[in-house]
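J.: Below is one structure. I have some questions about it.
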Amino acid sequence: MIQVFLGHSGGLDTDGNELPRLIYVSREKRPGFQHHKKAGAMNALIRVSAVLTNGAYLLNVDCDHYFNNSKAIKEAMCFLMDPAYGKKCCYVQFPQRFDGIDLHDRYANRNIVFFDINLKGLDGIQGPVYVGTGCCFNRQALYGYDPVLTEEDLQPNIIVKSCCGSRKKGKNSKKYSYDQKRRGISRSDSNAPLFNMDDIDEGFEGYDDDRSILMSQKSVEKRFGQSPVFIAATFMEQGGIPPTTNPATLLKEAIHVISCGYEDKTEWGKEIGWIYGSVTEDILTGFKMHARGWMSIYCNPPRPAFKGSAPINLSDRLNQVLRWALGSIEILLSRHCPIWYGYTGRLRLLERLAYINTIVYPITALPLIAYCILPAFCLITDKFIIPEISNYASIWFILLFISIAVTGILELRWSGVSIEDWWRNEQFWVIGGTSAHLFAVFQGLLKVLAGIDTNFTVTSKASDEDGDFAELYIFKWTALLIPPTTVLVVNMIGIVAGVSYAINSGYQSWGPLFGKLFFALWVIAHLYPFLKGLLGRQNRTPTIVIVWSVLLASIFSLLWVRINPFVSVTPAANPNAVPGGVF
C-alpha cells in the first residue's frame, strides 16, 4: 500500500514554497517469503522512494525517535554536499540520546562511552559504524557504487606506511583504463561493485554506448531488479525525477518494486542496500560500505539531533543487549566477518580492528564468567587467586595496570565523559557479559551450525510520562537472570565461607583473606545494579530468586564441608579433660 499525502501538487508553506513529499509505504508480505525484518523494509523504502521522488540523500530514524534539532539535516548536508568530501562520504551518523532514563542511568542505557568515546575515536580513522538510526545516507553508497577517492585517500594508513612504505604513483597515471574496468567487472570478488561512480554522469539521458557496453541490461536487472524506472533513477547522482513523468505510471511502478518477489535473484541484501544475514543489519551494512572505501562522519551538534526512548527495565534491557550480541555472533560466523572479509577492498587496518572488536565482544562472556566465579572458588578452597610471582614479573603487571588506568583517564578527559557514566558502563559490561552475551554465544552457534532459529522480538521501550520511573522497578522473569544471580550468590557464599575459615584458623589467616575478599567484593560491586533490579522498588526479592539462591547456598555449603572438614587439634594434656577437636 502506498498513500500519498503530499504529492507533486502538494500544499505550500507560508512563503509559497512547495512542501516536501509525504508518502506512507506498507510493503507486501505473504507467507512463504522471507521479508528480512527491518533490513527488508528499508530496502523496499529505498526503491519506492527512488521511483517516486528520488532524493539524493536518505535519513533513517527509528519509530521511537523524534527530531530534537530542526537544523540536524543541515548539519549532515554540510558534509554530504561538500564538493570534495561528499563524493566519498557514505553517511553521517548522529549519536543517540534518550528521554525517560532514571537520573543515575542504572543500566547504562545512554551508552555514553560508546557514543562519546568509541564513535568519536572512529571518526579519526575511516568513520563511525552505522548504529541503525539517526543516520543520513548518500543514496549512491547504498547502491553499491565505489566512492570517488583522491590519491591521498588511496595511500595506505600510517601503520602500513611504517611497515611497508607508501605506494608511489606517477603524475600522469590513471586509476583505471576502460579495459581494466571491464576486466574488473568480470571478477567474482563480491567486494567490487559492478560499476564505478566515475563512469556515471548526471541524469539517465547520459547513458551512452560506452556505458551500455560496461553494463548490459541483463546484468543491471540482475543487480537491481526488473524495474526500468528504478534502474534509471540509480544513474541520477543528484537525484530527482524527469518533469514529464506520469504520476500514475510512477505509482504503478512503485507498487511493483515493493512486491514480495521483486528481490528474487538480485543483489538486494547481498551487495546493495541494507545487508541481510544478521539481526544487527546496521553493523553489516556500514561494514560493506567501508570495505568499498567509503568514509563516514560522526556529527555531534551541541543540541542533540534526535531523541528517543530506551528500555529502562532490567529484563527488557538484557533482551535488547541479547539481540545486539546475537547479531554480532551471526556476523562473526558468516562470510562477512571482518576477520577474513574485504581484504581486496579499501578498508583501513584500524577500522577493521574496530569492526572485529564490534563482533567478537560476546565471546568475552566465557572468560568473564570464569573470572567472576574464581574469587568465590578461592575463598571456598582457601587458594589465592594470584600465584606467587617474581619481582621482575610484578613490575610488568604493575606497568600493565598503570597503562590501562592512564588510557582510561585520557579517554575520559578527551571525551568529557564523567566518572559515574564510565563506572555505569563498566558495571553493565559485567552484567551483560554474564547474561545476554553468554546466551548470545550459544544461540548464535545453534542458529548458524544447527539451523535452530530464535524468535526476533522488538524491544519494549518505556515512556516516563509520570516522572516516577515506574517501569524501572518492574520485575520480569527471564532466563537471562540466572547466570548473574548465580555469580552473585556464589560470591556471597564464598565471602561467608572465607570469613568462617579465617575465624577458625586464627589471626595468621586474616592477611591473605583480605586479598581474596577484595576480588569477591569487586565482582559484587559490578553486579550491584543487577541486585537492585532483583529487589525492585520495595526492596523485596522475588520468590524465584530466593528459591534459586537457597538451592545454590545448599549446594555450595555441602561442597565447602567436603573441602574443609573438621580441623582436629592435639588432645589436651590434662588426663581428665575430654579429648576431642574443634570445628
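Heads up, the Cβ atoms here are built off N, Cα and C, so glycines get one too.
Just so you know, TrEMBL annotations are computer predictions that nobody has curated.
The UDP-alpha-D-glucose binding site annotation in TrEMBL covers LYS37. Annotated Mn(2+) binding site per TrEMBL: LYS38, ASP62, in sequence order. Here TrEMBL flags 359-380, 392-410, 430-452, 473-501, 513-531, 543-563 as transmembrane segment.
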J.: Sorted by position, what residues of the same chain at least six away from LYS38 (Mn(2+) binding site) have a C-beta under 8 A from it?
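T.: Residues satisfying the criterion: GLY132, TRP274, GLU281.
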J.: May I ask which of the stretches 392-410, 473-501, 513-531 has the most CB pairs under 8 A with the transmembrane segment (359-380)?
T.: 473-501
J.: Counting CB pairs under 8 Å, which listed stretch among 392-410, 430-452, 513-531 touches the transmembrane segment (473-501) the most?
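T.: Out of the listed stretches, 513-531 contacts the transmembrane segment (473-501) most.
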J.: Round to the nearest Å and give the CA-to-CA distance linking the residue listed as 'UDP-alpha-D-glucose binding site' with ASP62 (Mn(2+) binding site).
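T.: Checking the Cα atoms of the residue listed as 'UDP-alpha-D-glucose binding site' and ASP62 (Mn(2+) binding site) gives a distance of 13 Å.
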J.: 10 Å Cβ neighbour count around ASP62 (Mn(2+) binding site)?
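T.: Excluding its own Cβ, the number within 10 Å is 15.
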